[in-house]
Amino acid sequence: MSRVFNFCAGPAALPTQVLAEAQEQLLDWNGRGLSVMEMSHRSPEFVSIAAEAEQDFRDLLDIGDEYAVLFVHGGASAQFASLPLNLSAMGERVDYVDTGLWSQKAIKEAARYADVNVVVTAEQNQFTEVPEQKIWRCSDKAAYLHYTPNETINGVAFEWVPESDVPLVADMSSVILSGPIDVTRFGVIYAGAQKNIGPAGLAIVIVKKELLGKARQDIPTCMSYKVVADNHSMYNTPPTLAWYLSGLVFKWVKAQGGVAAMELVNRRKAAKLYNAIDSSDFYSNTVAVNSRSLMNVPFTLSDDRLNSLFVSQAEESGLLNLAGHRTAGGMRASIYNAVPEAAVDALVEFMSVFERDNG
Ligand SMILES: *Cc1c(COP(=O)(O)O)cnc(C)c1O
């Protein structure tokens, strides 16, 4: 079967070139006669793979020495617990912004360990717009301020970085590497790998070194940022295959011209899709224009009863995984770095034909 276009929100499309390279090396990495999966994480071979991946990631986001980069287990959801356990004392105040479902999951988990203050919620506009910062009610003294720059499900994104007197923490799972960021504005950035980095099961944490060592005594050892940092993410066995594949993705992003070049393509892809939606009466997206995600584009059809027909005909045309999140309904096209512009062109064309036949 020929390759199709995959609009899955996660685990998401990987660059075809990366998969081909991984396939070529699957049985025999660099002439060593072994697969990466079978190597000791402490072998010189894997240590070099790991170090190179970290360096490429640092280069891509221009991450300075004052930050540690951790490769950890448990996806982004484990970080929802890891954050309060690493950065706040028991029952200490922590501030959270609520812009959608992923914010709420982070809030719910943090509330098990810390005193969560929700500084603002986008609920009053049905989570279709990022609330401007002047109405946020931040605490006098919080251990950190957490927000979700890109809400993967409702397609709501920040196009600005909040100001904060306390360490700023961002869940960048669905937006990391889609464009440049000023890492120095953040205390912690974390991301599950399966959207824009690599395979599921890995998360990457960028943490300012001055924040290491604030963890509670009772934190699970393998979750302690300091322990993980001191051991170069090898306190216990890391997800080696995911780490290696992520490294291949970093090299691919570099070869595309880095994150600034990715952003240009991502903006073009998103503009094409939003234009198609906005210029039709058949499709709609209710997110405020200044809060629209470049990565996840939810949209509805004028008649919900056409949803399953849309999804099945799209599949027949090789356009996969367009059904919206189970809590949101409608459609959603996730157009991460590895989804080529040709995929968006094909989708826009399909949407136009579907509207003509059913509108
Ligand atoms: C997918 C996602 C998560 C959850 O990631 P897991 O690896 O499944 O834990 C958290 N936050 C955001 C913004 C996401 O898109």
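Here, residue 1 is simply the first one shown, and the rest follow in order.
Note that Cβ sites are derived from N, Cα and C of the backbone, with glycine treated the same way.
The domain 'Aminotransferase class V' annotation in TrEMBL covers 4-347.
In the three-state DSSP scheme, ARG42 (L-glutamate binding site) falls into the coil class. The L-glutamate binding site annotation in TrEMBL covers ARG42.
Within the same chain, the residues at least 6 positions away from THR237 (pyridoxal 5'-phosphate binding site) whose Cβ sits under 8 Å from its Cβ are HIS41, listed in sequence order. Here TrEMBL flags ALA76, SER77, TRP102, THR152, ASP171, GLN194, ASN236, THR237 as pyridoxal 5'-phosphate binding site.
Under the heading N6-(pyridoxal phosphate)lysine, TrEMBL lists LYS195. All chains included, 30 other C-beta atoms sit within 10 angstroms of the C-beta of LYS195 (N6-(pyridoxal phosphate)lysine).
All protein chains considered, the CB of TRP102 (pyridoxal 5'-phosphate binding site) has 21 other CB atoms within 10 Å. In the three-state DSSP reading, ALA76 (pyridoxal 5'-phosphate binding site) counts as helix. Among the binding-site residues ARG42, ASN236, THR237, no residue has its Cβ under 6 Å from any atom of ligand 1. Each of the binding-site residues SER77, ASN236 was scored by the other Cβ atoms within 10 Å of its Cβ; the lowest score goes to ASN236. SER77 (pyridoxal 5'-phosphate binding site) sits 27 Å from ARG42 (L-glutamate binding site), taking the CA atoms of both as reference points.
ARG42 (L-glutamate binding site) is surrounded by 9 other CB atoms, counting those within 10 A of its CB over all protein chains shown. Looking only at the binding-site residues ALA76, ASP171, GLN194, the densest Cβ neighbourhood within 10 Å occurs at ASP171.
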